[in-house]
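Feature list (source: TrEMBL):
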type: DOMAIN; residues: B:31-97; note: domain 'HMA'
type: TRANSMEM; residues: B:118-140; note: transmembrane segment
type: TRANSMEM; residues: B:152-172; note: transmembrane segment
type: TRANSMEM; residues: B:184-200; note: transmembrane segment
type: TRANSMEM; residues: B:212-230; note: transmembrane segment
type: TRANSMEM; residues: B:368-390; note: transmembrane segment
type: TRANSMEM; residues: B:396-418; note: transmembrane segment
type: TRANSMEM; residues: B:695-714; note: transmembrane segment
type: TRANSMEM; residues: B:720-740; note: transmembrane segment
Amino acid sequence: MTVLVYLIPIALFLGLLGLGAFLWALRSGQYDDLDGAAQRILFDDEDDAPLEEPRREPPPKD
Amino acid sequence: MSLAEPLPRGGAEPPSVDATAYVQLADDGGRRLHLLVEGVHCGGCVRRIERGLAELPGVEEARLNLTTRRLTVGWHGERRFAGEVVRKVEGLGYRVVPYEPSRLTADDTRSEKELLRCLAVAGFAAANVMLLSIAVWAGAGEESGSALRDMLHWFSALIALPAIAYAGRPFFRSALAALKARSANMDVPISLGVLLAAGMSLHETATGGPHAYFDSAVTLLFFLLVGRYLDRRARGRARSAAERLLALGAQAVTVLQDDGSQLLVPPEQVAPGATVLVAAGERIAVDGEVASGSSEIDSQLITGETLLQAAGPGARVFAGTTNVSAPLRLTVTATGEKTLLAEIVRLMECAEQRKARFVGLADRLSRIYAPVVHLAALGAFLGWALIGGLAWQQALLIAVAVLIVTCPCALGLAVPAVQVMASGRLMRRGILLKSATALERLAEVDTVVFDKTGTLTEGRPELRREAPPTGTGDEALSEAGALAANSRHPLARALVRALPDVPAAEGVVEVPGCGLERLTEAGPVRLGNRRWLGLDDEAAGDDAGEGPELWLCRPGRAPVRFAFEDRLRSDAAAVVAELQRRGLAVELLSGDRAPTVMAVAGRLGIAGAQAGLTPAGKVARLEALAAQGRKVLMVGDGLNDAPALAAASVSLSPSSAIDISQTAADAVFQGTRLDPVLEVLEVARRAEALVRQNFGLAILYNLFAVPLAVAGFVTPLIAAVAMSCSSLTVIGNALRLGLVRRRAAPDAAR
């Protein structure tokens with residue numbers, strides 16, 4: 001039964017890892033728009049990742 | 001937007017709002033603009049808007065949140081670029097309002113996120129503690145002495161105690177607040193149960209005893225947090241919808257300054273005596289007198305009157321009406337609090353306060369529940385200690401078991417679970433529930449009161465098909481349509497709707513306040529009102545009937561009249577009949593003139609109809625009904641309905657309604673049909689039944705569990721199993737509301 005001394009902490013560590021991942025996802029805004037996320041997977045093109053390649057040309061001055 | 005791009009009909013208009021002031025500087029030196037977008041309802045809209053904005057040169061980021069309808073646009077460069085952004089989104093057909101993100105519901109999202117974090121922690125703890133507890137229940141302690149069991153208990157304590165301290169905070173806070181106010185809510189027994197369970201389990205663990213309830217305590221927290229989170233989400237959604245509406249209502253006013261320049265100012269900052277410019281199609285935000293210009297005013301939202309009223313110099317106009325055909329300059333007589341609009345809002349608030357505050361079933365139940373539970377636990381303790389002859393520690397153990405077992409887990413889930421299912425089902429049918437208690441109030445409705453304009457009718461003019469006199473044929477109609485395609489006047493739009501295929505004629509000039517004109521070789525062809533065309537009543541002859549009209553004058557030919565009417569919603573008659581079949585009393589209260597109202601009432605078979613009512617008159621009628629003990633559902637859209645909507649025991653408003661009415665109403669429905677009224681009543685009844693069943697199940701569970709606990713038979717295993725079972729039963733029962741949908745309403749998809 002001494003194996004429990006290793007196994008329980010390992011199990012807890014794995015669980016904490018999952019908890020940490022969830023809290024990170026929550027903090028980084030991935031739960032802000034669940035309805036939108038459900039729809040976005042249906043968009044065909046994948047280039048709509050925000051701010052990946054900022055285009056720096058200024059807007060036209062009118 | 002460059003002119004080379006295809007434009008929506010009506011040409012390149014300036015953006016309706018000046019968003020420049022709302023542009024923020026981001027950390028990376030770029031600009032950010034936050035907009036609320038109205039009219040977004042699916043992924044397609046998200047895509048159109050984001051793609052459309054990405055096409056604008058300079059835009060680096062465009063992200064639309066479908067849940068909150070908030071759009072964030074980022075770019076580098078000038079602030080003024082905000083105008084382009086707004087124009088682009090409006091060009092795509094969506095209404096936008098800029099806002100400052102810091103001022104909107106920061107609290108709300110924070111507390112929702114906090115609940116979610118607590119939920120995650122409680123879930124983690126529940127799963128892991130349960131893992132260890134199962135080992136204990138399986139007999140891990142008995143085999144190899146109690147050392148192993150104690151170790152497992154210590155591990156449980158290590159996980160459970162921090163988790164309870166963290167995840168229990170929402171309940172502890174609320175319970176403390178309730179205790180400070182010398183009352184008890186559901187959170188008091190919850191907090192007490194969880195804390196006592198944790199404390200007693202720690203004591204048992206330290207003394208090597210068998211009764212550690214760590215698993216029950218954290219599982220309980222987990223289930224309760226699920227209920228709390230669902231509840232919060234449903235309410236938060238409703239609230240953000242209401243906020244969105246209010247924000248959309250706050251429109252800037254164009255003030256004409258002495259030097260001739262124009263300034264956009266919030267309505268409450270405009271001083272009486274100032275001159276205000278109101279563009280055609282704009283809603284008037286102040287009370288005033290027309291200084292110059294001549295136009296028509298649509299006061300439908302204030303009075304329910306369908307005919308447009310002419311407004312020349314000297315005429316009085318009121319906030320909340322819409323200037324239809326030509327720009328007007330107004331001299332402001334009243335603003336903000338003193339306008340007719342504000343008067344109506346005050347009437348509404350008054351009605352809302354007078355309305356007895358509705359106490360939900362769950363709250364009523366919890367008022368009885370908390371004292372009963374505490375008395376039961378106290379009774380068990382005293383009984384065992386004094387009469388049963390147990391040591392006080394053991395008696396306390398039993399009392400705590402009672403508290404744990406009775407913890408209102410299922411009760412806490414009974415209402416939110418059903419509400420989430422119900423509002424999800426209604427949302428899919430385009431009905432937005434705004435008030436948390438609306439479902440309960442809807443379920444007891446026995447009288448339905450309708451407004452006419454915009455509720456039973458579509459609230460916009462449509463060409464009366466049989467109207468053109470025989471002999472003129474379709475050719476007059478298509479010629480009129482070609483002219484009308486150049487205008488945004490509501491009657492012209494109605495003509496275009498009737499003839500969608502007719503191309504717009506070229507060289508058409510709009511004469512503001514009069515009509516449209518096109519010069520041909522033979523002479524001018526004109527489409528406009530009777531006065532402008534110089535037709536007196538005699539020339540109009542027998543055609544001079546009711547309702548709005550347009551005349552087409554062509555050189556050398558007899559003038560042709562086009563009559564318009566505000567058509568009934570396609571299923572109005574069917575819905576009224578169905579309501580009456582279900583045994584509900586139906587009434588019609590309108591501010592419009594008696595002949596029109598009686599005609600509509602006659603066609604729909606509504607016996608109780610009243611016309612020419614003021615907003616206060618409508619409220620009086622509703623109060624008379626309430627005095628008779630009736631539970632009234634008010635369905636209305638106009639500003640004149642807003643006080644009545646607030647006064648009725650529950651209210652419903654179409655999404656085409658004025659913002660204030662939507663804010664006053666408990667639920668808002670979309671679309672051109674009236675059957676959401678039936679749907680919402682149906683779902684409310686079913687939800688009410690399910691809530692009652694859920695309470696029944698929860699009480700049944702307690703009837704079994706409490707005697708067991710009082711008798712001292714409850715072990716940690718029994719407590720955990722019983723509690724989880726009751727919670728899952730309640731959730732499963734709530735899911736039945738969703739099952740019905742798939743069978744009963746396959747046509748729900750738009």
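Cβ atoms here come from the backbone N, Cα and C positions, even for glycine.
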### Task
Flag the pair the transmembrane segment (B:695-714) / the transmembrane segment (B:152-172) as in contact if three or more Cβ pairs fall under 8 Å (sequence separation 6 or more).
no
## Note on the structure
Near the transmembrane segment (B:184-200) in space but 6 or more residues beyond its ends, with Cβ under 8 Å, are 160-161, 164, 168, 171-172, 174-175, 178, 211, 213-214, 216-217, 220-221, 224, 362-363, 366-367, 369-371, 373-374, 396-397, 400, 403-404, 406-408, 411-412
#### Entry: Model confidence over the domain 'HMA' (B:31-97) (mean pLDDT, whole number)
82
#### Entry: Recorded stretch that, among B:118-140, B:152-172, B:212-230, B:368-390, B:396-418, has the most CB pairs under 8 Å to the transmembrane segment (B:720-740)
B:396-418
### Message
Cβ under 8 Å, sequence separation of at least 6 from the ends of the transmembrane segment (B:152-172): give me the contacting residues as numbers and ranges.
### Response
114-115, 118-119, 121-122, 124-125, 128-129, 132-133, 135-136, 140-141, 187, 190-191, 194-195, 198, 201-202, 204-205, 212, 214-215, 217-218, 221-222, 224-225, 228
### Task
Could you pull out which residues elsewhere in the chain have a CB under 8 Å from any CB of the transmembrane segment (B:118-140), counting only those six or more residues past its ends?
148-149, 152-153, 155-156, 159-160, 163-164, 166-170, 212, 214-215, 218-219, 221-222, 225-226, 229, 716-717, 720
